[in-house]
Amino acid sequence: MATLVGVVAAVAGAAVVALLSAALALYGQPLDTALKRAFSLHKVHSIKDMENTFQLVRNIIPPLTTKKHKGQDGRIGIIGGCQESSLTLSQPLVLVSQGADLSHVFCTREAAPVIKSYSPELIVHPVLDSPNAVHEVEKWLSRLHALVVGPGLGREDALLENVKGILEVSKARGIPLIIDADGLWLIAQQPTLIQGYRKAVLTPNHMEFGRLSEAVLKDPVDNGDRRGAVLRLSQALGNVTVVQKGEQDVISDGEQVLECSQQGSNRRCGGQGDLLSGSLGVLVHWALHAGPEKTNGFSPLLLAAFGACSLTRQCSHQAFQKHGRSTTTTDMISEVGPAFSTLFET
Ligand SMILES: *[C@@H]1O[C@H](CO)[C@@H](O)[C@H](O)[C@H]1NC(C)=O
């Protein structure tokens, strides 16, 4: 969903996750019920194995100490937010503003006032359509822990040219990259932009996945074997982590395949993908930062993706329980803290 609300949801997701890692309340169902429904690793796995995987995700979450200054737990940049939307922006942005210094949005000059007017504290860089865009973003990269590329980006040639340059300088600096939405459209045009970059996570939906597979594998997707299809795409991209969103989310790093079927809601609201990419930005940073002793040899990006998928689905589930069919992206964002506690803070 390429809208301004999209980028706001991504920002809100990232900010709220980063800030609420110490949220206290325990909501929703007991954890082991949540775990039983949560996922299947390969075919059959015991609750104990699921618990172990969740424990690894918990391991990567940094402890909240009073000594830390804001932002140390994950400053995320978002490349996008250029497309306007008439949807309500105010509520997600109230949440965003709590974590203002955690989130930088790099957007077009035209989009900036809209984003700023709702959240004066959000750091907005109206540089994406400037001739110096690559340099303007590069100046900030040393302060950022991850970049989310694509929500609300659009497909204008000049912008995409700039984004190509931004991807190149980010890779050169080893910045983790989460690629979603129109960012994936760009990758389908030019897979070499991301091929072999092991700090990237791609989050395609069904249609985006098909487009990528055709571009990279020159094959139509085998819809009967999602796990195999995700594994193959990841390998063809040089073991870049791929998260195929769907009824279950299927995640692969070219070696293992995880499935996340944490109960969500039947109704997928538009912002769900944006919450996923935003929270992935933070979780990928945490996972890479945690080091191999915390992740027990598991791929940090795979764990981060699993954590972000579980969290997004849990948000959706909790929001749907409260609001039913009228659930909005905003309702989901309000559940980020409680859902995080339910899943990861026990
Ligand atoms: C990707 O992972 C598979 C499985 O571990 C391995 O066989 C392959 O060589 C890896 N590819 C790259 C490019 O590292």
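Cβ atoms here come from the backbone N, Cα and C positions, even for glycine.
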Which of D253, D274 belongs with G152, N205, H206, M207, E208, F209, G210, R211 in the (6S)-NADPHX site listed by TrEMBL:
D274
Among all protein chains shown, how many Cβ atoms are found within 10 Å of the Cβ of G271 (ATP binding site), not counting that one?
30
Determine the most Cβ-crowded residue among the binding-site residues G152, H206, G210, S265, using a 10 Å radius around each Cβ and all protein chains in the structure.
G152
Check G210 ((6S)-NADPHX binding site) against DSSP and tell me helix, strand or coil, would you?
helix
Which number gives the other C-beta atoms within 10 angstroms of the C-beta of E208 ((6S)-NADPHX binding site), all protein chains shown included?
24
When you measure from the Cβ of E247 (ATP binding site), how many other Cβ atoms are you left with inside 10 Å?
11
Between the binding-site residues D249, D274, where is the Cβ count within 10 Å the lowest?
D249
